[in-house]
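S.K.: Okay, here's the structure, questions in a sec.
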Amino acid sequence: MATEPIWKSGYDEEPGIAIGETPKNASFHDDPELGADVVDIARIEAVYKKLDRRILPAFWVLYFLCSAIRSNVGLAQTMNTKQGHDLASVLNLTPKQVSTGLALFYVCYVLFDLPSNLVMSKLSPHVWMSRIVVGVGIIGTCLTAMKAAWSFYLLRLLLGIVIAGMWPGMSYYLTLFYPPSRTGKRIGRYFTAAQVSAAVVGLVSAGFQEMDGLQGLTGFQWMFLLYGLVGIVVGVSLLWWLPDRPLPPGEVRNRDGWRKWIPQSKPALTGEDARIHYEDLTRVYHRSAWNIRDLWHVVIDWRLWPLVIMYFGVVGVGIGTQSYGTVIIRGINPDLTSIQLSLLFAPIWIMDLIAILLVTPLSDRFHHHRALFFSIAVLFQIAGLLITTFASDGWARYGGLLIVGFGLGPTVPITMTWTNEIFQPRHGEVGVAAASALVSGLGNLGSILTTYALYTGWPEDGEGKHKYRKSNLVMIGILCGSILAAGTMVVLLRFFRTSSAKKASSASSTSEGQGVVIDGAARREVQQRGLGRLWVRR
């Protein structure tokens, strides 16, 4: 078994640095270039790939369903419009009421993201994730029964409450099994579920529209019902599918109290794999209980706020595009049918998916340059919005939306990964849990802006030759703020970084009073991997 790490006081000469002793049976060899012991990369990568096969498919499926349930209200606005069976017609909603209902979801999302993630850090993470997905499925099913504006508002509020903590919780959960600098590609992989969901939901909605009137339900009611029921089933299955937090070799999981009633999931790793993971990521096995003071230190850390501004812009544009993509396309060509709108909506998210798969692996390999990858992707979004706004040809304006989709893809995973890299070394587990929730929650104020104040929430902007010009320009403005925040973060990190920070993390400095285990992953990933062996099968 690996030797316990030696912890130095956070008030010693080099604040916050703790050095873990090298276990006698660890898989290390001497690297002449680094002049230090380095993990056998092939062996540790095999362990992380085994974790990928256990965790990422479950995350992909749950995120696909939750994204579909969350966003299908946008599609319901244009389904079966000729029959008068679209969302607004059935519920007698004005465009402003639709915008209000969309925004109410994000109000609760902002308020409850942090409490949800903090509870998750105290309880069993996989149980809490199961609770979230089951809750989303139940509320999604109830959306079928909406009859008026008040029920629309109520269910959107409840959906925001139960889904809060899902996205930052997934980011936090990954840091229990992977080094933060390796999470970008993984976040990107399951984030593709949102893009596939947007594309598939758009395509499948054409089928739901053909079910309009069946058993007395409209097309969008069938969509709400079936997605909700599948969500409930998947949520329950996560109790067995997702592993609980890892334990040090030889330690037995506590099954007292309420835990004895919860199904016990199979450990993520066993035997030699578990030992290697312990040696490579020792920090997650020796967590200390956090308190209010620890949480306060996270909240007042200045590094949090540039990340919030970065997220505010890109998630605002992403949700705005997701909620009003069909509305924007209809503004380009009012003669399109509802089925044609659904089919044209899907390629936006295919472009988004392609960008994720291309960029997030590279951002992990060059993890010192997250801001550069982020900023280039945001510039794609700005270019696309300018084309959509000012191009004279309708197909060129639609092409602008495709460029927006491509630019959106990598930005959210990169922001969440950078949050993990900065806050785990400084504040430990509570740093990741709280910072990821605050970045996601406060950043989603951008979603409130784009869903409530823009497009259908700004009736005057839907008139004239260039429909929604002002809404598009507002989104360009918040994207410029995101680029500025990323650049500011880079400058300030370089200014405040100390020599001890460089030992602890390639992304941030280490705060006073915080102990950090310098485990195998931390020693190895001070340097970037670059393009070496990118396409070589290990």
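Using the three backbone atoms N, Cα and C, a Cβ is placed for every residue, glycine included.
All TrEMBL annotations are machine predictions without curation.
Copying in the features that TrEMBL gives for the protein in this structure:
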DOMAIN    38-499  domain 'Major facilitator superfamily (MFS) profile'
TRANSMEM  58-78  transmembrane segment
TRANSMEM  98-120  transmembrane segment
TRANSMEM  132-152  transmembrane segment
TRANSMEM  158-178  transmembrane segment
TRANSMEM  190-208  transmembrane segment
TRANSMEM  220-242  transmembrane segment
TRANSMEM  302-319  transmembrane segment
TRANSMEM  339-359  transmembrane segment
TRANSMEM  371-392  transmembrane segment
TRANSMEM  398-418  transmembrane segment
TRANSMEM  430-455  transmembrane segment
TRANSMEM  475-496  transmembrane segment
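Help me understand the surroundings of these features in the structure.
M.R.: Counting same-chain residues at least six beyond the ends of the transmembrane segment (98-120), those with a Cβ under 8 angstroms from any Cβ of the stretch are 70, 73-74, 77, 87-88, 128-129, 132, 149, 152-153, 156-161, 163-166, 168-169, 172-173, 295, 319, 323, 430, 433-434, 436-438, 440-442, 444-445, 447-448, 451-453, 455-457.
Sequence-distant contacts of the transmembrane segment (190-208) (same chain, six or more residues past either end, CB-CB distance under 8 Å): 56, 59-61, 63-65, 67-68, 71-72, 75, 79, 170, 219-220, 222-223, 322, 326, 339, 342-343, 345-350, 352-353, 356-357, 409, 412-413.
Tertiary neighbourhood of the transmembrane segment (302-319): same-chain residues 106, 374, 378, 381, 385, 404, 408, 411-412, 415, 418-419, 422-423, 426, 435, 438-440, 442-447, 449-451, 475, 478-482, 484-486, 488-489, 492-493, 508, selected by CB-CB distance under 8 Å and a gap of 6+ residues from either end.
Under 8 Å from some Cβ of the transmembrane segment (371-392) lie the Cβ atoms of residues 310, 313-314, 317, 328, 332, 355, 359, 362-363, 398-411, 414-415, 418, 466, 468-469, 472-473, 475-476, 479-480, 482-483, 486-487, 489-490, all in the same chain and six or more residues away from its ends.
Taking Cβ pairs closer than 8 Å, the transmembrane segment (398-418) reaches residues 167-168, 171, 180-181, 183-184, 187-188, 191, 195, 307, 310-311, 314-315, 317-318, 321, 325, 328-329, 332, 344, 347-356, 358-360, 363-364, 367, 370-371, 373-374, 377-389, 391, 436, 439-440, 443, 482, 507 in its own chain, all 6 or more past its ends.
Sequence-remote contacts of a segment are chain residues at least 6 beyond its ends whose Cβ falls under 8 Å from one of its Cβ atoms, and for the transmembrane segment (475-496) they are 302-303, 306-307, 309-314, 316-317, 320, 371, 374-375, 378-379, 381-382, 385-386, 411, 422, 446, 449-450, 454, 507-509.
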S.K.: Suppose I define contact as three or more CB-CB distances under 8 A, residues 6 or more apart in sequence; do the transmembrane segment (132-152) and the transmembrane segment (220-242) meet it?
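M.R.: By the criterion, they touch.
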S.K.: Find the member of 158-178, 220-242, 430-455 that has more C-beta pairs under 8 Å to the transmembrane segment (58-78) than any other listed stretch.
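M.R.: Most Cβ pairs under 8 Å with the transmembrane segment (58-78) come from 220-242.
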